[in-house]
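Listed in TrEMBL:
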type     : residues : note
REGION   : 1-45     : region 'Disordered'
COMPBIAS : 29-38    : compositional bias 'Low complexity'
REGION   : 112-140  : region 'Disordered'
COMPBIAS : 112-129  : compositional bias 'Basic and acidic residues'
COMPBIAS : 130-140  : compositional bias 'Low complexity'
REGION   : 155-175  : region 'Disordered'
COMPBIAS : 156-175  : compositional bias 'Basic and acidic residues'
DOMAIN   : 349-482  : domain 'AAA+ ATPase'
Amino acid sequence: MSWLFGYKSQVPPQGGDGGPEPPGPPPSSAGSAGQMAGDANLTKAERKAMEAYRFDSSALERAAEAARTLERSKHAREALELSKMQENTRQQEYLAKVKEYEAHIEASKVEHKRVDHEERRKTLAEETKQQQQRAQYQDQLARKRYEEQLAQQQRVQEENLRKQEESVAKQEAMRRKTIEHEMELREKNKMKLLEAELRAKAKVDRENRDLTLEQIRLKAEENRITVMEGIKTAGSVLGQGATALLTDWNKVVTTVGGLSLLALGVYTAKGATGVTARYVEARIGKPSLVNETSRFSLLEALKHPIETVKRLKHKPTDALQGVVLQPKLEERLRDIAIATKNTKNNQGLYRNILMHGPPGTGKTMFAKRLATHSGMDYAIMTGGDVGPMGRDAVTAIHKVFDWANTSRRGLLLFIDEADAFLRKRSSEQISEDMRSALNAFLYRTGEQNPRFMLVLASNTPEQFDYAINDRLDEMVEFTLPGLAERERLVRLYFDKFVLQPAAEGKKRFKVEQWDYSAVCSKMANMCEGMSGREISKLGVSWQAACYASEEGILTEQMVLDRCEAAARQHRQKMAWLSEQEKLDHKSITGGKGFLTQ
């Protein structure tokens with residue numbers, strides 16, 4: 001019934017959320033000017049609240065007039081019912097708006113809580129970041145203080161060391177001054193003593209001067225008389241002999257024949273001495289280029305009689321005894337050993353062999369074993385010894401081959417690092433002396449020989465001259481050991497350098513009990529890329545670790561530590577190689593062949 005009294009139902013204020021605002025009072029009855037001025041001081045929300053409670057008197061008059069008009073109307077009852085229905089509808093709309101407003105208020109609260117939680121999260125994140133920055137700053141300050149303390153300690157130590165050095169230098173200077181003073185005093189004493197002796201001797205000489213002069217005169221007179229008599233005697237004898245010789249023709253003929261025979265003997269002895277010297281050099285001694293040989297030598301036998309006897313009693317053994325290598329390579333080397341032995345027994349022509357591969361893979365060892373197995377002598381020379389000889393290199397090479405041709409048992413001539421003087425003549429800048437040495441070597445190896453066998457060894461065979469490659473009959477590549485070969489090598493050297501000395505009961509050498517087989521397998525994996533020589537040195541380092549311990553007991557950890565150190569050193573050596581050396585270094589880590597002692 002609000003339309004009867006001239007006002008409408010007011011909706012509660014919506015705040016700042018943009019909801020509908022209730023209509024204000026009519027402008028005709030808005031109140032006095034003073035009231036308007038007072039309302040101007042209120043806020044917007046307060047003014048909206050006040051407008052809901054204002055009373056409009058003109059609305060009552062309109063309502064009364066409307067009521068009288070309605071009572072006179074025949075549709076008054078229907079209008080009243082319609083008004084009630086409209087009022088109910090408005091009330092329901094108002095309730096819906098109230099619920100919507102309440103839902104909006106709840107959503108605003110939820111949003112406010114979400115914003116609050118987000119702000120708290122950001123605040124916590126910022127506080128965490130600040131704490132981390134503060135901790136980092138404190139850590140930097142602590143590190144800076146520690147570095148300053150270290151620098152201060154280092155300065156103090158350097159100052160103490162400088163003071164100690166100055167003190168030692170002062171003491172050394174004082175000691176030198178003391179020694180110099182003592183030596184000066186000794187020299188003065190010696191000079192005074194010598195001066196006193198000279199004075200005494202001069203005094204005695206002055207006192208005995210007359211007697212001395214008389215003795216000198218007598219000796220001179222006797223010497224003159226003796227010389228004159230000797231001259232007279234020699235003159236008379238020579239005169240008589242010459243007279244007798246010239247007067248007797250038979251004596252003249254005898255004298256001429258004796259002088260002729262004397263001259264012939266001198267020249268004959270000179271020639272025989274040269275021939276004998278060459279024979280001794282070829283058969284008894286050894287050439288200067290040969291560093292080691294198993295050939296019997298009288299001089300070596302006199303110098304080392306025990307080793308010579310052992311060598312003579314040594315019987316030929318299997319060329320591959322104690323050798324660890326890949327099966328295919330073992331089969332090939334065994335064929336070479338059998339063929340060489342049968343060639344020696346049947347006095348056939350020996351075949352020249354090239355053995356190439358990384359250092360430490362047993363090329364020299366197999367050459368010695370091959371010679372011993374075949375019943376031959378071996379001689380080892382190095383290609384690097386040829387270059388420094390200059391012009392004498394050609395003569396030295398001829399002496400080596402002359403000496404090799406005199407061997408009765410057959411000689412295996414092993415030239416290690418042969419690429420040092422057998423390089424390519426077309427692409428390498430070599431000196432005339434080296435070119436002459438290469439030509440001499442090619443001249444002496446032009447044909448296969450039944451007296452000696454040539455075996456070359458090199459880490460870079462691609463540097464050989466083509467003529468050298470033409471003289472090679474067999475080429476064998478020795479490569480780094482694979483996993484299976486490394487494990488066999490580790491077991492072999494562990495038994496040789498650790499278990500056998502411990503079993504012999506040597507002083508200060510004991511071994512703890514642990515799983516030797518598992519440890520050897522583990523070390524084989526750790527030694528990847530290492531050569532047999534490096535693994536053998538690892539065995540020696542195990543002994544050194546045991547000798548360095550206080551109780552002389554070798555533990556599992558000591559063995560593994562030495563193996564790790566050896567592997568680390570190997571990697572460092574490989575890192576030091578230049579690019580060209582890395583290209584030349586044939587580090588084949590697959591299961592290939594390898595030799596061991």
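In case you wondered, yes, glycine gets a Cβ from its N, Cα and C as well.
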By Cβ distance under 8 Å, which residues at least 6 away from the ends of the compositional bias 'Basic and acidic residues' (112-129) in the same chain are close to it?
none
Treating G and I as helix alongside H, and B as strand alongside E, what does DSSP give for the compositional bias 'Basic and acidic residues' (156-175) in helix, strand and coil?
20 helix, 0 strand, 0 coil
Secondary structure composition of the domain 'AAA+ ATPase' (349-482) [DSSP: H/G/I, E/B, coil]:
56 helix, 30 strand, 48 coil
Helix, strand and coil counts within the compositional bias 'Low complexity' (130-140) (DSSP):
11 helix, 0 strand, 0 coil
Looking only at the domain 'AAA+ ATPase' (349-482), what is the model's average confidence as pLDDT?
88
